[in-house]
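The structure appears right after this line, and notes come after that.
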Amino acid sequence: MTPPPTQPGDRRGGLLGTLAVVGVALLPIICCAGPVLLASGALAGLGGVLVSPWLLAPAAVLLAGALTWWLRRRRTGNGDACCLPAPRTDQHDRDLLRKQ
C-alpha cells in the first residue's frame, strides 16, 4: 500500500530536521570561533604550566642554549656559506682536450 500524499501544510522531518537546522546554525560558529577557543585554552594551559618552577627552569636553560647557538653561528659566518662552489678546473681542461 502506498503512503497517502503529503499536504502542503504537512510538516515532516521531526528530530532529524531539527538537528540538521541546529547543526547548520552551529557550523559557522564552530568554524570561526573554534580556533579562537582552542588558542585561548592552549594559552590558559600554558600560563598554568609556566607558573611551575620545575618547568620554568629547563625552559630557560633551553632558551639560553638556543640563543647562544644562534649567536655563535651568526658571528662565525663569513658569507661564503651562501655562495656556489667554484667550478672544477680539471673538468674544464678535459673539455678543452676534447675540442682539439
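Glycine is treated like the rest: Cβ placed from N, Cα and C.
For 19-39, 43-63, the entry in Swiss-Prot reads transmembrane segment. Per Swiss-Prot, Hg(2+) binding site is recorded for Cys31, Cys32, Cys82, Cys83, and the stated evidence type is sequence analysis.
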Report summary line: Around the Cβ of Cys31 (Hg(2+) binding site), other Cβ atoms found within 10 Å total 9
Report task. Count the Cβ atoms, other than its own, that fall within 10 Å of the Cβ of Cys32 (Hg(2+) binding site), considering every protein chain shown. Result -> 9
